[in-house]
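**Q** One structure, as structure tokens, below. Some questions next.
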């Protein structure tokens with residue numbers, strides 16, 4: 001009878017109603033890195049590093065780039081005869097120049113403050129070319145004879161289209177005094193130059209005067225140039241050199257020229273009609289007849305990700321450049337399906353749901369929730385309130401991280417612009433150093449936040465567990481695996497009250513108390529039964545052993561193997 005009671009009690013315990021707290025799992029293979037671990041598989045992750053581009057030059061927000069093809073910026077602005085297709089250009093979004101364009105300064109020489117001029121162009125989107133000193137106005141000088149075989153056009157000697165090389169006329173070079181007043185509302189880009197002859201004979205042949213000068217003045221510029229006569233190696237068939245200069249003439253300001261020789265005078269100037277974000281990109285790519293919001297020298301990027309690792313130079317609404325190969329933010333939970341039965345590792349910030357052995361693939365409508373079983377059946381149900389709060393929290397965290405890192409990189413970007421102007425030789429090293437630091441910061445922040453996110457999910461599971469535990473109290477038993485075993489019958493309505501936090505503890509406490517006491521009594525009774533059986537077994541075993549020893553002794557005495565003496 002006692003055995004039957006014990007068996008029934010055990011069966012009753014096995015079939016008790018249960019509710020378990022757990023978390024979502026799926027078939028995801030997405031992995032993230034944390035401070036403590038690498039390649040942690042998670043249910044959801046967000047890649048924040050763009051690695052792809054289209055390999056083409058594209059329009060930027062519908063505006064075409066100015067692709068200089070085989071011409072350099074200097075060749076375009078001065079008017080190299082081989083760059084006639086760029087005499088008048090429409091508005092551009094950015095400028096593309098090859099690394100070594102063939103059509104640069106056709107007459108050998110130098111362009112003063114060339115990098116500074118390029119920097120200026122990175123803030124301009126449109127020029128309008130205007131004539132400021134007509135070529136025909138030089139009546140006392142030869143304005144058409146200043147040509148060179150170094151600048152051919154249609155097989156004949158020619159010269160830059162936008163400046164005039166003035167030569168002596170009738171064996172005389174009268175002193176030039178010319179002024180131009182900028183009556184426009186826009187700034188003007190004005191270019192001029194000086195010719196450095198090969199020897200004194202060339203000097204007098206071209207300009208008559210053996211000693212010459214060029215003076216240029218504005219409200220902000222005071223320049224005096226003299227030719228440097230020297231024997232030089234030939235470049236493009238020329239031993240002479242030309243040096244070009246530029247300035248920005250503000251509205252209502254005037255530029256004054258004075259010279260008695262070697263003067264390369266401006267004919268055209270560029271009215272800056274539109275300023276804005278632009279760039280000069282070194283690229284060999286072809287135009288792709290496409291549109292983008294972000295362009296790099298490697299190709300266009302069309303992405304909403306906050307970072308990319310394609311090229312540090314960009315134009316448009318672009319992700320921020322880092323040197324990383326991988327930046328992935330965890331947005332979901334550790335993906336540990338229950339069937340794997342792997343022990344969860346605790347994180348740096350104290351993961352506290354490690355007692356739950358695995359996630360549920362059957363729960364698909366939330367991150368955290370319940371699994372119940374009773375006489376009416378079993379099933380999964382997500383806790384939507386905690387899931388939504390977690391989603392909002394993770395989303396806000398991701399956005400905060402992105403905004404935080406964007407602000408840092410924008411600040412560095414402005415510093416790089418200043419370095420490019422002032423410390424050109426150190427710019428590359430400084431740029432690499434800053435990028436190394438900010439890349440490290442971005443990677444470290446992602447690792448830290450991934451650790452926090454995973455522990456945040458663990459904490460949410462533990463909070464849900466505590467919510468149930470505080471409701472049930474001693475009406476149920478904690479099984480240690482995230483589950484509770486009821487001491488009373490809990491139908492679907494009862495289960496629902498536990499899930500939504502309205503469980504009525506007093507309603508079930510009496511039934512739970514009786515069942516708890518009955519189970520405790522069965523345990524005590526079964527323990528007493530086992531103690532009696534144990535004593536009986538011990539006595540019986542000892543008696544059987546004594547009988548065997550006595551029988552063996554009598555047998556040995558009867559056959560003489562053992563001598564028995566009775567005193």
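Backbone N, Cα and C atoms are what each Cβ position is placed from, and that goes for glycine too.
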**Q** So which of 27, 559 shows up as N-linked glycosylation site in Swiss-Prot?
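**A** That would be 27, per the N-linked glycosylation site annotation in Swiss-Prot.
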**Q** What does the structure give for the C-alpha distance between residue 26 (N-linked glycosylation site) and residue 490 (disulfide bond)? Integer Å is fine.
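**A** Taking the Cα atoms only, residue 26 (N-linked glycosylation site) lies 29 Å from residue 490 (disulfide bond).
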**Q** When DSSP states are folded down to helix, strand and coil, where does residue 494 (disulfide bond) land?
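**A** Looking at the DSSP assignment, residue 494 (disulfide bond) belongs to a helix.
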**Q** Among all the protein chains here, how many other CB atoms are within 10 A of the CB of residue 151 (disulfide bond)?
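**A** Result for residue 151 (disulfide bond): 25 other Cβ atoms within 10 Å.
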**Q** When DSSP states are folded down to helix, strand and coil, where does residue 27 (N-linked glycosylation site) land?
**A** coil
**Q** Between residue 318 (disulfide bond) and residue 302 (N-linked glycosylation site), what C-alpha distance do you get in Å?
**A** 9
